[in-house]
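A.B. asks: My questions all concern the structure below.
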Amino acid sequence: MNEKSLRILEFYKVKDELKKYTNTNAAKDLVDNLKPYDNIHDVREHLEETEEALKLIISRGNPPFDGVYDVRQGVKMAQKGSILMPAQIFRIGAILKASRRFEKYIKAKGEGEGFRIIEDICQGIVLLKGLEDKIFISIESEDEISDRASSLLYNIRKSIRDKNASVRDKVNSLIRNYSSYLQDNLYTIRGDRYVLPVRAENKALVPGLVHDQSSSGSTLYIEPMALVNLNNEIKELKLKEKAEIDRILYELSKEIHDNIVVIKNNADIIWELDFIFAKAKFGSELNGNIPIVNDNCIIDIVEGRHPLIDRKTVVPMDVYMGKDFTCLVITGPNTGGKTVALKTMGLLHIMALSGLMIPARENSTVGFFTEIFADIGDEQSIEQNLSTFSSHMTNIINIINNSDEKSLILFDELGAGTDPTEGAALAVSILENLKDRGSMIVATTHYSELKAYALKSNGVENASVEFDVDTLKPTYKLMIGIPGKSNAFEISKRLGLPEFIIKAARENIASEALKFEDLIQSLQEKRIKAENYFREAEILKREAAKIKEKYEQKAIRLQEVRDKSITEAHRKAREIIRESKEEADRILKDIRELEKMGYSSSVKHELEERRKMLKDKLENVEENLYKAKSEDGQRLKSVKEGEEVFIPSLNQKVLVLSKPDNKGEVQVQAGIMKISVNLKELRAPKGSTKNTDKKLKREANLNLRSVATSVDLRGMDSIEAAYITDKYLDDAYVAGLKEVTIIHGKGTGILRSSITNMLKSHSHVKNYRIGEYGEGGTGVTIVELK
């Protein structure tokens with residue numbers, strides 16, 4: 001892809017932002033080399049690797065890049081067989097450590113997780129744990145060799161510490177002896193040797209070697225003769241220490257050289273991973289998504305935002321083309337909004353084709369273009385001279401000579417810089433030529449001739465950037481299908497141009513042109529209203545979906561509680577049955593004991609009969625426990641819309657809303673809720689025969705439950721209260737209650753109003769009223785049931 005378009009569309013600024021999320025200079029170099037990939041397979045692969053990195057960050061936290069360095073210089077020296085500096089060895093050890101930790105990071109995946117591309121990259125990591133351990137045992141930091149590097153080094157340093165202690169004892173003794181001759185009662189070190197600060201006039205009184213003097217010459221730094229041998233011994237130990245350190249560095253450098261291929265490979269992998277995860281972090285910061293890339297050059301970007309404009313101020317834009325039209329003409333006043341739309345579209349494509357997430361809604365679609373041409377400049381200047389026109393025409397000629405059906409072409413103020421009539425004619429001809437060869441074109445202009453061209457030409461569509469005449473500013477909302485209006489008269493009027501001048505100007509314009517502009521304004525106003533209605537509908541739709549999801553979850557939880565209660569009741573019933581049987585057996589055993597003791601067998605016979613009757617009755621109850629749920633109504637083979645059926649698991653009648661689908665799922669209305677159940681769970685409603693006595697029907701459905709005469713809704717929201725009330729009224733009706741009390745509290749009256757609205761249409765409610773004095777007043781509603 002041509003470098004000029006990458007520069008004009010500010011892709012380099014995007015890459016500068018991306019670099020902030022890398023850890024190494026090597027990864028920054030990969031960012032510098034980033035540009036759109038040459039084939040769609042590579043684009044999709046690199047987008048997928050970015051998505052995998054984002055999922056890994058979300059599921060496992062940030063990857064282990066701590067302490068990772070750019071070791072290219074050290075690797076290069078090791079390849080030549082050079083002895084490396086401690087810092088270079090330490091950093092290579094950090095790369096080996098990061099490689100090992102990253103392999104562990106990738107392997108620790110959960111069930112069902114898969115990261116194909118990143119796992120494949122990490123397959124190339126070869127662990128060198130032995131060398132890694134040896135490096136970190138030998139080198140504590142970038143400038144310090146550890147005492148543990150070798151036993152010889154440890155012993156040498158111990159000897160140095162001992163000698164230093166001896167020297168300090170000796171020098172402190174000398175300070176006490178020579179204190180009257182010294183500038184200060186302390187020692188210092190010059191060239192690794194202990195010296196005393198002697199006043200110049202006393203140098204003959206302190207025998208020794210002069211190593212230095214102060215800038216004023218008043219102080220001489222003398223090494224007393226008594227310290228010479230001790231200092232010499234320390235110097236010898238220091239030389240031995242250096243020789244041992246050189247040997248250790250040589251051994252480590254040699255081992256690094258022997259494994260340099262593996263080390264370089266591991267380093268390359270870590271830098272590549274650093275680059276990939278930087279893309280994911282950058283995309284996350286943009287609140288971006290992975291776009292869909294298609295080979296048909298279809299564009300459908302939803303709520304796309306320019307990545308370099310502050311998220312708090314940028315206005316999202318929707319743009320689509322490639323199906324019904326391939327040429328989009330954006331018209332309107334010269335306010336900057338059109339250019340932003342143009343740059344946003346081009347830059348988002350470059351980002352997507354470079355494997356980056358784009359700041360747009362999920363499932364936004366971009367086309368795979370092998371070239372993106374951009375002729376964008378500051379064409380909103382008062383001066384439109386020949387040199388400007390020539391410059392743009394040179395760019396346009398280059399575009400015409402190199403574009404094809406895989407090209408996205410962006411023109412800013414096409415045809416500007418020359419006579420408007422000629423410029424408009426040239427613009428139409430250029431667009432027509434590029435459209436015929438299959439290129440995707442987006443052009444901004446303020447020429448009315450191009451609006452007319454877009455209206456009457458196949459494959460060409462008008463668009464405009466919404467402009468607020470009241471504030472004299474663009475809203476930056478792109479409106480496809482509506483041509484832009486120049487708003488010159490309105491803007492001039494707002495800025496204070498006299499009305500008589502504006503009126504005279506209007507008279508100089510043909511009436512057809514004015515009508516055309518007025519029609520455009522009317523279309524814009526209608527479009528804005530329609531979009532507002534659509535947004536409101538979308539908000540309501542999302543809220544309704546949230547409420548539906550909330551109460552479906554509540555229904556599931558209620559059913560779980562209900563099932564658990566039934567199961568627990570069954571368990572307790574079976575426990576009572578078991579204990580009763582055991583008690584009966586114990587009674588029989590006691591009777592036998594009494595019989596052995598001479599008591600009448602008639603007593604035994606009578607009690608045994610009673611025991612048998614108890615056992616039969618208990619067994620019957622136990623059998624009913626297992627049959628109750630499955631035999632609660634006749635199984636249905638089919639249902640129809642509007643039919644009333646019974647769900648045993650809910651112990652509730654429901655209304656069928658749809659026929660069974662291919663999986664046997666039926667949508668039903670249960671109170672205020674719509675739920676899906678399988679046809680197998682539906683039964684014919686109990687007591688459905690017309691001649692069945694109403695009271696008996698209620699008693700049959702009562703199911704031995706005790707229903708309270710009131711329900712307390714205080715503290716609930718309106719929707720939850722309506723659901724609880726609906727269920728309570730069902731239970732109260734089935735239980736045969738004639739009058740119940742709904743406690744909703746006084747508060748703001750919102751809850752009472754919600755309940756009143758529900759009661760108006762409830763099938764079980766005969767009448768209702770606000771509570772009187774002594775009943776709870778306006779804090780309760782008294783309901784009379786049918």
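Heads up, the Cβ atoms here are built off N, Cα and C, so glycines get one too.
Computed from a predicted structure; not experimentally measured.
Sharing the feature lines straight out of Swiss-Prot:
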BINDING   Gly332, Pro333, Asn334, Thr335, Gly336, Gly337, Lys338, Thr339  ATP binding site
DOMAIN    711-786  domain 'Smr'
A.B. asks: Just to be sure I understand the packing, how many Cβ atoms besides its own are within 10 Å of the Cβ of Lys338 (ATP binding site)?
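C.D. replies: Around Lys338 (ATP binding site), other Cβ atoms within 10 Å: 28.
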A.B. asks: Based on DSSP, tally up the residues of the domain 'Smr' (711-786) by helix, strand and coil.
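C.D. replies: DSSP classes over the domain 'Smr' (711-786) add up to 31 helix, 19 strand, 26 coil.
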A.B. asks: Does DSSP put Gly332 (ATP binding site) in a helix, in a strand, or in coil?
C.D. replies: coil
A.B. asks: When a 10 Å sphere is centred on the Cβ of Gly337 (ATP binding site), how many other Cβ atoms does it contain?
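C.D. replies: Around the Cβ of Gly337 (ATP binding site), 25 other Cβ atoms lie within 10 Å.
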A.B. asks: Would you mind checking how many other C-beta atoms are within 10 angstroms of the C-beta on Thr339 (ATP binding site)?
C.D. replies: 21
A.B. asks: Among all the protein chains here, how many other CB atoms are within 10 A of the CB of Gly332 (ATP binding site)?
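C.D. replies: There are 27 such Cβ atoms around Gly332 (ATP binding site).
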